[in-house]
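According to TrEMBL, the protein carries these features:
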type	residues	note
TRANSMEM	6-26	transmembrane segment
TRANSMEM	47-69	transmembrane segment
TRANSMEM	75-93	transmembrane segment
TRANSMEM	102-121	transmembrane segment
TRANSMEM	133-151	transmembrane segment
TRANSMEM	163-187	transmembrane segment
TRANSMEM	207-226	transmembrane segment
TRANSMEM	270-287	transmembrane segment
Amino acid sequence: MQPVVRWAVGVSAVCLKCLLSAAGFLMQRKAHLLERQGKGKKDSKPLLVGGIVAYLLGSFPDVVSYMLLPEVVCSTFSCLQLVVVAALAHVWLREHVRQREVLGMAVCLAGTALCLGFGPRPRALHSVDEQTVAVYVAAGLGLLAVGMLLDCTKDRCCWRGPWAQKACAFTLPMATGMAYALGRVFNTMLSFVEPPHNLPWGAVHEPLWATMLMAMGLLALTDLYLNMRGARQMPAQVYVPTSFALSTALQYFQSLVIFREFQHMGTRHAVLSVAGAFASLVGALCIQPPTEVLSESEHFMSRTEENSCLDHGVLGA
C-alpha cells in the first residue's frame, strides 16, 4: 500500500471509530438516565443495545487505524471523540459545557492538527525490542487487575479518609484507560508480524499472531465492560475525560519508549509533534468539569423524584 493511501485510509478509520464510540457511549448513558427517571426498560433497552452495538462496531476501524498509522497520531487524533462526546452530552444529555470546556475543545483540536501536520508518517516495518514490550505488558496487566479489583470492592470496603475515597473513585477510569492502552500495544505489534496465510486455519501455524489477536479481543471486552460501568456510575463529562487522559498519556509513553516512533524524525518536527500531542492532552483535562458541580440531567432527575414525592404526599392527604 502506498504511503499516501495508507495515511488516508488510517485517518478515515480513526475518524469513523471516534464517531461510533462517542455515539455508543452516549446512547448507553442516555439509557441509564431514562432508567433512573423511571421510564422502564421498554424505553431504555433499545438505546442500551444500540449503544453497545455502536461501540462494538467502532472497534473494527480502531484496529485498522493502529495498524496503518503511528500510535502517537492515532492517540492524539482520538481527542476528536472527546470533543464529540462533550458536545453531544451538552445537547442531548443536558450535561452542559461552560467556557472552560469550550476552550479545552479548541485546544484539543489545535493540538491534534499540529500532531497531524508534523507527526511521524507511516513507514516500513522496523524491529522492536520484544523483551521491553513483554515487561511493559506484564506490569500493565498487573496494575489493571489491581484497579479492577479495587473498583469492584469499593462499595463493600470501608475506605477511611477523604483522600482515600477520592482516589478510589478514580479506579474505574484508571482501569479503563489502562485496558485501552494495553490493547493498543498488541494492536500495534500486529504491524510487526506477518499475517498467516489461508486464514482462519493458517492462524494455527502462527501462534504469536493468534495470541496477539486473542489478547486484543480480551482487552477490548474488558474495555467494553468498564465503559458500561462508567456510563452507569459516572457522568459522561467526568468519566470520559479522565479515562481518555490516562490512556492518551500511556500511549504517548508507548510511542516514545516502546515503539520509538520519533527516532527517525527531525528535531523540529519531533518537537512540534510532541507539543501538539501534549496540547491535546491538556485540552482534554480542561474539558473535565469540577466534580462538585452537578449536571443538569442529575438536577432534572432530582426534581422528578421530588415532584413524585410531592404527588404521593398530596394524594395521601
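Even glycines carry a Cβ here, placed using N, Cα and C.
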Exercise for review: May I ask which of the stretches 47-69, 75-93, 102-121, 207-226 has the most CB pairs under 8 A with the transmembrane segment (270-287)?
Suggested key: 102-121
**Study point:** the transmembrane segment (47-69) in contact with the transmembrane segment (6-26), cutoff 8 A, at least 3 CB pairs, sep 6+
**Key:** yes
Exercise for review: Answer with yes or no whether the transmembrane segment (133-151) touches the transmembrane segment (75-93) by the criterion of at least three Cβ pairs under 8 A, sequence separation 6 or more.
Suggested key: no
Review point. By Cβ distance under 8 Å, which residues at least 6 away from the ends of the transmembrane segment (207-226) in the same chain are close to it?
Key: 52, 55-56, 59, 63, 144, 148, 172, 175-176, 179-180, 182-183, 186-187, 189-190, 193-196
Point to revise | Distant-in-sequence neighbours of the transmembrane segment (133-151), which means Cβ under 8 A and at least six residues beyond its ends | key: 168, 171-172, 174-175, 178-179, 181-182, 185-186, 189, 222, 226, 229, 250, 254, 258
